[in-house]
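Novice: Quick paste of what TrEMBL says about this protein:
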type	residues	note
REGION	110-130	region 'Disordered'
ACT_SITE	GLU219	active site, proton donor
ACT_SITE	ASP359	active site
DISULFID	CYS427-CYS470	disulfide bond
ACT_SITE	GLU484	active site, proton donor
ACT_SITE	GLU525	active site
BINDING	THR612	Ca(2+) binding site
Amino acid sequence: MSSKTLPYSMKDVQYDNAKFRRRSLFQVISHTFFTKKVKRECMACSTGKFLALLLICGLTYIMVTHASPLHSITSHVSNVGSEKGDMFFINGGIGVRRFWRKPPKLPPRLSPDEVINSNNKSMAKPDMGSEWTARQESVKKAFIHAWSGYKNYAMGNDELMPLSKRGVDGLGGLGATVVDALDTAMIMKLDDVVFEAGSWIEKHLPERISHKGQVNLFETTIRVVGGLLSAYHLSNLNPTNKGPKPSVYLQNAKNLADVLLTAFTSSPTAIPFSDVVLHDHTAHAAPGGLSSTSEATTLQLEFNYLSYLTGDPKYSFEAMKVLEHMKTLPKFEGLVPIYISPSSGEFSGGNIRLGSRGDSYYEYLIKVWLQQRQSNWTYLHDMYLEAVKGVKHLLVRKSKPNGLVFVGELPEGVDGGFSPKMDHLVCFLPGTLALGATNGITKAKAMEENSLTFEDLENLKLAEDLAKTCFEMYAVTSTGLAPEIAYFNSEGYSENGLDGGNKTSEYIHDIVIKHADRHNLLRPETVESLFILYRITENPKYREWGWSIFEAFEKYTKVDSGGYTSLDDVTVLPPRRRDKMETFFLGETLKYLYLLFSDSNVIPLTEFVFNTEAHPIPIITKDKKQ
């Protein structure tokens, strides 16, 4: 719909205001001048007659030649007129015959955002609500298809290999897909899946916690402990859920966390060891002796909530020691290297990036603060804001030739060169930036409350720019699915012949996809950010982008016998398939897509924070304990 056909556009408001002010000015002066008293006194002398004539001529000249500071506004609409021709402009001025008309009654003035929102609503399809409900149902069907493949061929294993129709234990053998998928099924109200997953947890998980071998502290915490805690909360909210009593989930979370605490208590510093052996309650460092910075600092939401539920502070105490220690370490404009030593408590190397091994450190700074804002953890918010400034100063660049905003890396630290490499994992950042800007409320409400600073608005703009880049990483490929890693042609870097395959994409020459990076693992980070940005900005384009991504998953990764598979190369058709369905496809990707198409009162951002595995954890308040 063009501006000429809108009910009332911003240009209309500006034009009518200008017209009204000129007419009102003349009418007030002329009415005052020609009252009987003034006329009698002024016309008594030749000087008065001369001044009256001069005033009338001057006003007439102003109206005809528009010699007013409003010229710049009226000139923008100088080509607009009524079909009857009763309005015309001369070099932007208003015709004399309109001069004597009575000033119109103006409608209420709208802000630019209100005008845009009004226009969007007027252009919306009348059945858009039912359309999004139908799309949400499509995501639910995809989840059921993924779960059926897992249940039929891999129940109790960590992951499904859908092409081979068998299961594999790559995460310690705790049935990670069962736990990761459970709260998604609860949100989707899939009672049969909830019963199947919950019953397996009640029957099998306690024994596995006691007898299994080595697990990774980070992966086990975010997937299994986080999933159990979320299931506990959601099952309390909906007591009619099929499956075991909520206490089963909480007890298993507590039993597992008790063993995982060994990683903290065995370490000589505040930085925990990366690996725990469940059956003998021991812990040790990873090969090479180092921990990933993100892994050590992405345990706090889960352990804090567990302390809150059980009343035992030991979980929160050990986890928060890590962030308190991080506060004391030297940083580079808030940015930190991706490796840290549990032996010394110091960073190792200078590699700085927001992709693998660095990403969720920055995510949890703001989320842990949001989880319990009444606490004395304001230092986390300060560290987050400092880090965002560092990202904008040191890592944000624009691609060539079309200016996509991306986040690169500093492989050799701040004194080394810049790499225009961006992992798909970095696509968590738009959602985190948006969440940090408004604290989960909508942008419109934050503007109404005047709670957004200039920095908040700047960060929200960066979030939207980066979300576009993340979506274009999908749209630029032949399959419509993003690669694991992309590079960007930019200042000081250029590669040809490594595009995504979609020759119709505007950004085909901006995005470089190297052969080793062309796989897709069904990752959730982009749809995560689309979900958060839609909730905060209420802009429907994020839903449309999410639907496009979902359709590509359906077209190229769905396995007829059940499940979905990762891909080996997203740039060719048909794409080569890998034989793996990651647990996070059910736990994160499909959950975020479902919530993207749901009402905003389903798992509201003002009441929950999502852990880095998309398990919703309640925001802790003094008057709520569930």
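Here the Cβ of each residue, glycine as well, is placed from N, Cα and C on the backbone.
Remember, it's a predicted structure, so these values are computed and weren't measured experimentally.
So that I understand the layout, could you describe where these features sit and how close they are to other parts?
Specialist: Within 10 Å of the C-beta of GLU219 (active site, proton donor) we count 19 further C-beta atoms, all protein chains included.
A C-beta separation below 8 Å, combined with a sequence spacing of at least six in one chain, links ASP359 (active site) to SER294, ASP423, LEU425, VAL426, PHE428, LEU429.
Within its own chain, CYS427 (disulfide bond) has LEU466, ALA467, CYS470, MET473, ALA482, GLU525, THR526, GLU528, SER529 as residues 6 or more apart in sequence whose C-beta sits under 8 angstroms from its own.
All chains included, 19 other C-beta atoms sit within 10 angstroms of the C-beta of GLU484 (active site, proton donor).
A simple way to gauge crowding: the CB of GLU525 (active site) has 24 other CB atoms within 10 angstroms, across all the protein chains here.
Long-range Cβ neighbours of THR612 (Ca(2+) binding site) (same chain, at least 6 residues apart, Cβ-Cβ under 8 Å): ILE222, THR298, SER360, GLU363, TYR364, PHE428.
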Novice: Report, in whole Å, the straight Cα-to-Cα distance of GLU219 (active site, proton donor) from GLU484 (active site, proton donor).
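Specialist: If we compare the Cα positions of GLU484 (active site, proton donor) and GLU219 (active site, proton donor), the gap is 19 Å.
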Novice: Among all protein chains shown, how many Cβ atoms are found within 10 Å of the Cβ of CYS470 (disulfide bond), not counting that one?
Specialist: 28
